[in-house]
């Protein structure tokens, strides 16, 4: 019998709607008395997740979700279901046992949740876990507005989003083959919940450098690279398009700039030195080659961002993007299209720190760094150079021509039957400012604590762990 993932998602959503995390706090943890310590939300996150899963599995007996998480709770939160404990005190008791558990046990519980949510958008539990969680798609709006009011998860699935999902695998393969050029373990990660706060969640598109232990749990070592993949649907064109043809005939930055400028809203925004960029595009440049000559409409910068953007731009404008141009060779006998690198060069394009994608990137790097710190043998002596880094990858494809639609597109020995033809990859490194990231995290944790207090009258601590993050991000003095 086929598993009905849509129905599972619907059933999970109904459970969460019945019992939000706020109602859970009021109803299940109202007897919590731990005056010796603060009530920490990361333990509440684990309690609440356990509660939701137990309730779901009891009500819908034909499906058992996250068995490994439940089993690990039973095995490692020692005898937390005590027959002498009143039912009304059950989850308060679980909370206390979690708080007294070893850091390794707590870390593993968050890692098991990551494993249980792999597949991301195809996994019902991934969708459920993102509720009552500050994800990369929400962080910008929350930080700018200083409020959760009206903040909703983006669930629009238009052509651009669907094309992006469809092409994630081939974009990752292109990165592996033509940019990283190293052995690559390719597993889709689930939701990485910040183990320190339990508030933030990051879903990584692609990565390099993460390993997996014998239990298939992630191990975050030195120099992990995070790739945020963006499919630029607005540039999906026919091969005979004038600007596509020119780029393929003469793959240079001049041809690339003409191609970029051929769209009414160019994907790389030109800004003069010292001028504030708009928030429209996530890549900007100081190179006049990308100047469209059109006057940009002025857009006020949020007051709480102006100072930081003037600091973040100089940090990032030193970066250059790597441009890789692709074409294919057609074999009529084998009915194949073999993708190859036609040209590679760098361009003066860098991340726009005013854009929401910059905020997505810093959250992903922060959460991954928390796992790195907790996995490190000696976290007090972490080298800044070994922290996770982030790249944003802009992928542009062209449409298949009629005589290409039934061909097998090949990258190395892997076939792609439905994907369009790769044309451009722009790989842009992002410079993270730990001070700014720490302030964003701390501010949002405070907003989160205030929201819980308003909803429940409970004083909950959302531990940000920014001290450890700042310490890890600071350059260590050289020994004489």
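Cβ atoms here come from the backbone N, Cα and C positions, even for glycine.
Per Swiss-Prot, the features are:
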SITE      168  site 'Required for function'
SITE      205  site 'Required for function'
SITE      228  site 'Required for function'
SITE      230  site 'Required for function'
In chain order, residues whose C-beta lies under 8 angstroms from the C-beta of residue 230 (site 'Required for function'), counting only those at least six residues away in the same chain, are 164, 282, 357, 392, 393, 394, 395
Residue 205 (site 'Required for function') sits from residue 228 (site 'Required for function') (Cα to Cα, rounded, in Å) at a distance of 6
Rounding to whole Å, the Cα atoms of residue 205 (site 'Required for function') and residue 168 (site 'Required for function') are apart by 8
Cβ contacts within 10 Å for residue 228 (site 'Required for function'), all chains included, total 20
Long-range Cβ list for residue 168 (site 'Required for function'), cut-off under 8 Å, min separation 6+ in sequence, same chain only, gives 205, 206, 229, 231
Counting across all protein chains, other CB atoms within 10 angstroms of the CB of residue 205 (site 'Required for function') number 19
